[in-house]
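Feature annotation from TrEMBL assigns compositional bias 'Polar residues' to 15-27. According to TrEMBL, the domain 'Amino acid transporter transmembrane' annotation covers 91-500. Annotated region 'Disordered' per TrEMBL: 1-52, in sequence order. Look at TrEMBL and you will find 91-112, 118-140, 170-195, 215-231, 238-262, 324-347, 372-393, 441-462, 474-500 tagged as transmembrane segment.
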Amino acid sequence: MAETKEIKSPPVSCPPSQLQYSPSLTRSPLLHSENEDTPHPKNKTPRMPFTPPRFNLTPLASPVRKALKLTKLDPQDAWLPITESRNGNKYYAAFHTLCSGIGIQALVLPVAFTILGWTWGIISLTIAFIWQLYTLWLLVHLHESREDGVRYNRYLELCFATFGEKWGKLLALFPILYLSAGTCTTLIIIGGSTARTFYEIVCGESCTSKPMTTVEWYLVFTCVAVVLSQLPNLNSIAGVSLIGAVTAVGYCTSIWVISVAQGTLPGVNYNPVRGGNNVEKTLGVLNAFGIIAFAFRGHNLILEIQATMPSSDKHPSHVPMWKGVKIAYTLIAACLFPVAIAGYWAYGQLIPANGGMLTALYQFHSHDISRFVLALTSFSVVVNCLCSFQIYSMPIFDDMESKYTKKMNKPCPWWLRTSIRIFSGFVSFFVGVATPFLASLAGLIGGVALPVTLAYPCFMWLKVKNPKKFSVMWCINWFLGTFGIGLSGLLIGASIYVIIETGVKVSFFNPK
């Protein structure tokens, strides 16, 4: 057989950060071979590092088609923060998933129990956990298509491919941007406020210096977050996500352990708190469901996290990704359930609606436990907010940089990348100062985010995988998807009603 003519790979402009922050150069997509780390022999045709996204694979012979499977990459992916480095592994996936999947929102779960009670609170939390774990499994297996060799590196990409660009924007663009940008703003509000509390605990009564205002603490938090955000890509913040995951598990565990050790408060009762008429009772229950849904955020980042991994026919990315997800959600379950159950047991109806377990710790036990424990808990919350800010802001950076790379057909220069991240961070700061009450809208945020977490993945599976009509998978996904969309609408309506009836301290440009 005649020797195959050697094809020269086109030059690819790749930022130096891919080499600088990659733990294993042989795992890079530019150096990735069919047999993982085995280099191509000189007498064989090398794989092209990038195939244009509109390249037609149909006329090619089957051996060549097989060789090009799962390598159909957009050349711009090498220039963008999410896909700049594909050296991820199951440990990185676990770090990112845990950091994005658990946080301060877990401490509000006992508030939902005050409405639902013991039985329905535990049942609802369990169903929500199993449901979101199932939709996570769907997303992990929808990330790459073995038929046409496409990897959907971003949640929006999969939405556009499934529902079409027009419907994808209508259905998913606002919830996803709301989750990313809204979460960053909420983290600034919570992180800045908790940093102020940490300073007051450490300083104590002997402090004579003039304390900073809440806005100034927001600014301090934002400056530190913006400095950390200069790390170039999603793989490079794996260590940051690890720190965020450790601190989240740490303060969740310490808060519920302290609450149990201190015992139940005097006058605690566990009778569900509901409105007088049936409408108010129903809306209160739905708002509690919204709080539980808010606790399970992070689905909008799963495809982005998986995009940092190499993939081939023999080693598809969904294998290590699912291993990382299982590790992360085992730890998440070990935090969420004890926080909800122990918090409700300790405080019952006395749990503060704004802040949940963290506020209860300061309000009821500030004189019973040492200042060191209080300070360490507050410091852990601040560090976790800083780390979570990095992973939730990465899709925003990626989207803004993609507009430049598409127009100029080259990677962003360092000064532009730095400017984008500074601008994005201070826009979130401005929104946080303008709307400091955003952190108290847990039920409404949960209702808006619910389709992204629990409904859209089911419809995506039906569209992409096309299971047999009336099969088990067909029935499960149609039921969960339809029920999720309907539940989302009810949660949003109920949350708005509860906010109007009970009131939220709306104070524009007046954080306290």
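Each residue, glycine too, has its Cβ placed from N, Cα and C.
Remember, predicted model here, so these are calculated numbers, not experimental data.
Sequence-remote contacts of a segment are chain residues at least 6 beyond its ends whose Cβ falls under 8 Å from one of its Cβ atoms, and for the transmembrane segment (324-347) they are 89-98, 101-102, 106-107, 109-110, 112-114, 118, 121-122, 125, 129, 133, 136-137, 140, 245, 248-249, 252-253, 255-257, 259-260, 262-265, 268, 270, 295, 302, 356-357, 360, 364. Sequence-distant neighbours of the transmembrane segment (170-195) (same chain, 6+ residues past either end, Cβ-Cβ under 8 Å): 104, 155-156, 159, 163, 214, 217-222, 225, 297, 300, 358, 378, 381-382, 385-386, 388-389, 392-393, 395-396, 424-425, 428-429, 431-432, 435-436, 438-439, 445, 448-449, 451-452, 456, 511. In summary, the transmembrane segment (441-462) lies against the transmembrane segment (118-140): three or more C-beta pairs, each 6 or more positions apart in sequence, are under 8 Å. Long-range Cβ contacts of the transmembrane segment (372-393) within its own chain (Cβ-Cβ under 8 Å, at least 6 residues beyond either end) map to 96, 99-100, 103-104, 179-180, 183-184, 187-188, 190-191, 194-195, 197-198, 201-202, 221, 224-225, 228-229, 231, 234, 237, 240-241, 243-245, 247-248, 250-251, 254-255, 258, 301, 358, 361-362, 366, 421, 424-425, 428. Long-range contacts of the transmembrane segment (118-140) within the same chain: residues 109, 112, 155, 158, 270, 288-289, 292-293, 295-296, 299, 302-303, 306, 318, 321-322, 325, 329, 333, 336-337, 340-341, 344, 453-454, 457-458, 460-461, 477, 480, each at least 6 residues beyond the stretch ends and with a Cβ under 8 Å from a Cβ of the stretch. Listed as Cβ neighbours of the transmembrane segment (474-500) (distance under 8 Å, sequence separation of 6 or more from its ends, same chain) are residues 131, 134-135, 138, 282-284, 286-287, 289-290, 293, 441, 443-444, 446-448, 450-451, 454-456, 458-459, 461-462, 467-468.
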